[in-house]
């Protein structure tokens, strides 16, 4: 298949659709972070997907500026940088001290250290089209990392049988976005754009399948928790049952047969007290 110009109607259409759907992907976590702000707690959420997402957006802007003729990549990833920065800032504000230090370390490592190193080396060691190729390979690798990052959430869904931390709308938006950008890259014959979105489509479909499997499991867990007090109630009734069997027999038999009732009662009480 031959590549077409970036001004071709199909390329422009899929680029615009990719921008629109990617915009929805970037704003999809808004309810999640609204919940974090409202509860003033990061709860069980992780900052890794947002830090990696910010790093990926920075790389794609760099790639688009070096290669040129891919303006639609610049527009959406510029918005992505702003959105991901806000998300990381909110998480950092309400996370625990340990999670905060971990997030800070990730930001310094990826968004400052690694990106700065890539920027420096590619400017010094690479020239012309070679620079765009090197940056393209780097972008492709980290774009796959962005799609793979939710694997930790998928593992948590399987372990807990709860989809609380994997919204269906986000999974759907990621899948549709991957389809749009795959077609955009395919028409431009840009492997660095097309290939990562293949993994995005696959992982997006897997997330939606998991959601369909475990979406009703949470109610079953709640029902199981409600049965627990019954077990405690049985344990509390058992000592009373033992006392009823031992105490009356000793008293009645000793009182009716001889005059040692008082001594026997004292003996019986001492046996019961030693068992309780």
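Just so you know, the numbers here start at 1 and follow the chain as drawn.
Cβ from N, Cα, C; glycine included.
Small disclaimer: the values here were computed from a predicted structure and weren't measured.
Cβ atoms under 8 Å from those of the transmembrane segment (12-36) belong to residues 6, 42-43, 45, 50, 72, 75-76, 79-80, 83-84, 86-87, 90-91, 94, 167, 169-170, 173-174, 176-177, 180-181, 183-184, 187 of the same chain, restricted to positions at least 6 beyond its ends. The transmembrane segment annotation in TrEMBL covers 12-36 (among others).
The transmembrane segment annotation in TrEMBL covers 48-66 (among others).
Residues annotated as transmembrane segment in TrEMBL: 72-92 (among others). Residues 12, 15-16, 18-19, 22-23, 26-27, 29, 33, 36-37, 42, 45, 47, 50-51, 53-54, 57-58, 60-61, 63-65, 99-100, 103-104, 107, 184, 193 of the same chain sit 6 or more residues outside the transmembrane segment (72-92) yet have a Cβ under 8 Å from a Cβ within it.
Look at TrEMBL and you will find 104-122 (among others) tagged as transmembrane segment. For the transmembrane segment (104-122), the residues of the chain that approach it from at least six positions outside its boundaries are 47-48, 51-52, 54-55, 58-59, 62, 88, 92, 131, 134-135, 138, judged by C-beta separation under 8 angstroms.
Residues 46, 48-49, 52-53, 55-56, 59-60, 62-63, 66-67, 118, 122, 126, 165-166, 174, 178, 190-192, 195-197, 199-200, 203-204, 207 of the same chain sit 6 or more residues outside the transmembrane segment (134-153) yet have a Cβ under 8 Å from a Cβ within it. Sequence annotations record features per position, and here TrEMBL assigns transmembrane segment to 134-153 (among others).
Here TrEMBL flags 165-187 (among others) as transmembrane segment. Within the chain, the transmembrane segment (165-187) has long-range Cβ neighbours (under 8 A, six or more residues past its boundaries) at 1, 3-4, 8, 10-11, 14-15, 17-18, 21-22, 24-25, 28-29, 31-32, 44-45, 72, 147, 150, 153-154, 156-157, 193-195, 197-198, 200-201, 203-205, 207-208, 210-211, 215.
Here TrEMBL flags 193-214 (among others) as transmembrane segment.
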